[in-house]
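Per TrEMBL, Mg(2+) binding site is recorded for E5, D25, I27, D28.
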Amino acid sequence: SFIGEESVAAGEGSILTDNPTWIIDPIDGTTNFVHRFPFVAVSIGFVVNKKIEFGIVYSCIEDKMYTARKGKGAFCNGQKLQVSGQKDITKSLLVTELGSNRDPETIKIILSNMERLLSIPIHG
């Protein structure tokens, strides 16, 4: 099966089943792309039994290929990635995105979550 982000965004329905399924977003960062902001990628995931098996993200402008496979780790251009050992949240960097849903209830939830995060003394 195939699920394409652009067709779902256009209103087409999709149902994730247990069948092996490719999930593809050919322009991940559409708003960035439209505004010529240089952070755009092609994102591809493969799911079996509704569980992700592997994913690939190609950052076009940076020419970086990110890959990850369940149980095998994550890589950037073949170099192993790992999370930092930072345990103090006040030394972390918060990056967030509001999404495209402007439904008042959704906005209320997002802003409430952000308010809780921003009350922690973090960088962001």
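Keep in mind that glycine also has a Cβ here, set from the backbone N, Cα and C atoms.
Since this is a predicted model, take the numbers as computed values, not measurements.
In this structure, the binding-site residues under consideration are E5, D25, D28, and the one with the smallest number of other Cβ atoms within 10 Å of its Cβ is E5. Of all Cβ atoms in the protein chains displayed, 16 besides its own lie within 10 Å of the Cβ of I27 (Mg(2+) binding site).
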